[in-house]
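Per TrEMBL, region 'Disordered' is recorded for 1-93, 314-343. The annotation compositional bias 'Basic and acidic residues' is assigned in TrEMBL to 25-34, 328-341. Here TrEMBL flags 40-51 as compositional bias 'Polar residues'. Summarising the annotation, TrEMBL assigns compositional bias 'Low complexity' to 56-69. What TrEMBL lists as domain 'XPA C-terminal' is 211-261.
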Amino acid sequence: MADARRPATPPRAPTSNSTAITPEQVRRMEESRLRAKALRSQQHTTATTGQKRPHSALTSTTPAAPSTTRDARATPSTTRDARDTSSAAPDTDIRAARKFQKFVEYDFSQMTDTKGGFLTATDDPHNRALHAPEAAGKPAHLTLQEWERQQLQRRLRETRSGPYEPGLSVLDKREITKKCRECGSLELDWQWDEVLHCQICYACKEKFPEKYSLLTKTEAKEDYLLTDPELRDEALLPRLEKANPHQSSWKPMMLFLRFQVEDYAFGSGKWGSAEALDEEFERRRVEGRERKEKKFKNKLEELKKRTRVEAYKRGRRGGGGEFGDTIGRARHEHEWGRGTEDPVTGAVKKSCVECGMEVEELEF
């Protein structure tokens, strides 16, 4: 009885002769497979691999839009292949987005692998950073010794010293008119003569520093109270420009001759005398102090006005209106008085002046 109730596997359904593949169908399937394989091989050999679209193809103008009318009676082709590029639309129909119009595509198959992640000048001829003009430095065709010699010659030529100093032996003594204003020497600093219009020799420059020292623009403004237009007028105050010692990219440093600055500042065109300059300096110092005091007083008055307004508002709300009074509906803050020693326990106690709360102090 147990074996009769156990389910048994149903018998296999008989196969129909109508579903069997005939030899003719096998032959057609094999021919279709071979034709598809041959077509794929032909497309693979004719397709260009490893080349990208040029930039001109992306930025080219879009042709006129084709007609959108279709005939429903026309039978479309059923032999379509997505991998077939011969029947696809040309690249000129694609228009680049606005943010990609300046995009440059590179052919990485023709580039030099620098193993560093950067492009060389040969691979990127349109890069301005790679083809920037050479900075001031040693030219490639000069050696280090030749470059140092050229720099030395340039400095000597600018200062008119060494071999570029004007010769004195070939001139007639009667034709020599420029002499040192202190000692009458003929060995002048020709750079100062041309730029600062001062005939002075090197020895006298070191001998009289109180007259022939150089002042910066800041020192001339602060010590002699000169203005920017006066210091920028070369006809009024000749200046010598040198590279800024703090930063080479900053503006050049302007240097003035001390005795020329003093002659102008103490002359009738400016202050008149050294005493008048001291009086002007003292007057400006007093005015500056008065301005600071006035500014402080104004801020203090504004603070008092705001305090009176706040006190008036608190008085209208029913709170304290005087300075130091307790503000109504505010959180109570204890104001502890002086500590007293308890004779029983010996602990120091403090009590709040307003609410009378007592606390003990423990000293460690």
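A Cβ is built for glycine as well, from the same backbone N, Cα and C atoms used for every other residue.
Nobody curates TrEMBL annotations by hand; they come from automatic prediction.
Since this is a predicted model, take the numbers as computed values, not measurements.
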Arithmetic mean of per-residue pLDDT over the domain 'XPA C-terminal' (211-261): 89
The compositional bias 'Basic and acidic residues' (25-34) - residue tally per DSSP class, helix then strand then coil: 10 helix, 0 strand, 0 coil
The domain 'XPA C-terminal' (211-261) - residue tally per DSSP class, helix then strand then coil: 19 helix, 12 strand, 20 coil
